[in-house]
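Here TrEMBL flags K102 as active site, proton donor. Among the features that TrEMBL reports, substrate binding site is placed at K66, K90, S344. What TrEMBL records for T185, N216 is NAD(+) binding site. Taken from TrEMBL, the feature site 'Important for catalysis' applies to D142.
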Amino acid sequence: MNALAATNRNFKLASRLLGLDSKLEKSLLIPFREIKVECTIPKDDGTLQSYVGFRIQHDNARGPMKGGIRYHPEVDPDEVNALAQLMTWKTAVANIPYGGAKGGIGCNPAELSISELERLTRVFTQKIHDLIGTHTDVPAPDMGTGPQTMAWILDEYSKFHGYSPAVVTGKPIDLGGSLGRDAATGRGVLFATEALLNEYGKGVSGQRFVIQGFGNVGSWAAQLISEKGGKVVAVSDISGAIKNSNGLDIPSLLEHSKKHKGVKGFHGGDPIHPDSILVEDCDVLLPAALGGVINRENANEIKAKFIVEAANHPTDPEADEILKKKGVVILPDIYANSGGVTVSYFEWVQNIQGFMWNEEKVNNELRNYMTKAFKDVKEMCKTHECDLRMGAFTLAVNRVARATVLRGWEA
């Protein structure tokens with residue numbers, strides 16, 4: 001089942017639990033707007049090249065739409081639609097005043113020079129500048145983009161609308177980016193994990209963790225978990241996988257990974273097959289890489305007691321059912337990895353106020369939001385006698401549906 005089908009399935013299950021009107025349900029599923037634009041730029045060699053840019057704006061009932069811009073050669077419209085919808089539910093679970101969006105450009109950023117990427121970003125911004133904005137739709141970095149991309153969008157957008165730092169988040173610090181944003185998703189994963197373990201009378205300290213994915217989210221989660229006394233026993237990334245039953249030395253591994261562009265060859269652990277990472281013996285499994293990695297083929301072999309979904313949609317619905325029967329507790333992506341968008345919200349707030357926070361305040365506010373969101377999810381679990389995934393979806397769908405009805409959706 002692909003990401004869109006799984007997201008729609010969870011939405012419909014939540015909608016049924018809430019007893020939503022069928023017309024309202026349909027209204028909440030259909031994207032607010034889908035944008036497709038042609039972007040032609042001169043390449044460095046003087047030839048012209050055309051690319052397709054897009055933006056799916058899913059819902060704005062609770063506030064401006066929010067979501068990443070990705071640069072990737074193969075852009076799947078269904079996946080982008082699912083991710084835009086996922087952002088609507090994610091922001092609602094976190095209780096931040098946004099709806100969902102997603103977009104990007106079908107290109108291979110590795111094959112473009114810096115100046116070509118800048119030209120492409122500026123042309124794309126010229127095409128969509130009147131459809132995004134501080135109180136309309138606020139883009140952020142995603143796959144293949146970063147703070148520099150956001151800086152170009154901010155500059156190009158400001159040529160049309162005046163200086164508008166809050167039009168994008170994930171900016172460089174010098175242009176109004178927030179302190180703590182780089183670590184935000186990984187730190188949010190830590191706070192979510194703490195909230196879950198506390199529910200079972202446990203703490204991070206002494207628990208054994210396996211982390212699939214050692215990019216921004218996985219590496220920050222590993223660092224912060226190990227600082228809290230958690231034992232990270234296995235890690236994988238695109239280069240390979242390593243294991244040490246006594247716990248990996250995370251500071252040394254981070255240094256190695258930076259130097260060698262991957263965890264492969266790290267001497268503080270034994271190499272293992274990357275496919276076996278998910279079935280390694282541990283207390284808490286953190287999938288922090290791709291979607292659909294936990295499926296019916298490997299779900300029965302998973303030994304973890306808890307799964308914290310640091311990636312988007314890592315668990316297929318079939319695997320969900322198998323794991324539920326095994327008694328594995330899954331903390332869903334729309335809550336577990338919402339730390340990034342929450343600190344993006346803090347960046348937006350700081351830009352609008354023209355008053356920047358120190359890093360301690362950012363981290364404390366993130367902890368407050370993640371802790372409160374977990375309590376809200378648990379309340380929905382009690383009310384509807386459901387698991388954490390359905391608790392999070394019913395919480396999100398209920399908040400968006402209430403906002404939609406209050407605004408007068410039938411008028």
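Residue numbers in this text run from 1 along the chain shown.
Keep in mind that glycine also has a Cβ here, set from the backbone N, Cα and C atoms.
What TrEMBL says about a protein is an automatic prediction, not a curated fact.
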### Task
For T185 (NAD(+) binding site), just count the other CB atoms lying within 10 A of its CB, please.
24
### Query
Relative to the Cβ position of S344 (substrate binding site), how many further Cβ atoms are located within 10 Å?
28
### Task
Between the Cα atoms of K66 (substrate binding site) and the residue listed as 'active site, proton donor', find the distance and write it as a whole number of Å.
7
### Query
With the substrate site defined by K66, K90, S344, which remaining residues of that chain have Cβ atoms positioned within 8 Å of the Cβ centroid?
G67, M87, T91, A94, I96, Y98, G100, A140, S338, G340, V341, T342, Y345
#### Entry: Other CB atoms, at most 10 A from the CB of K66 (substrate binding site)
29
#### Entry: Distance [Cα-Cα, Å, rounded] between D142 (site 'Important for catalysis') and the residue listed as 'active site, proton donor'
9
### Task
For K102 (active site, proton donor) and T185 (NAD(+) binding site), determine the Cα separation and express it in whole Å.
18
### Task
Using C-alpha atoms only, work out the spacing between S344 (substrate binding site) and T185 (NAD(+) binding site) and round it to an integer in Å.
10
### Message
Applying a 10 Å Cβ distance cut-off over all chains shown, what neighbour count does N216 (NAD(+) binding site) have?
### Response
17
#### Entry: Cβ packing number for K90 (substrate binding site), 10 Å threshold
28
### Task
Measure between the Cα atoms of every pair in K66, K90, S344, the residues the record assigns to substrate, and report the largest value in Å, rounded to a whole number.
13
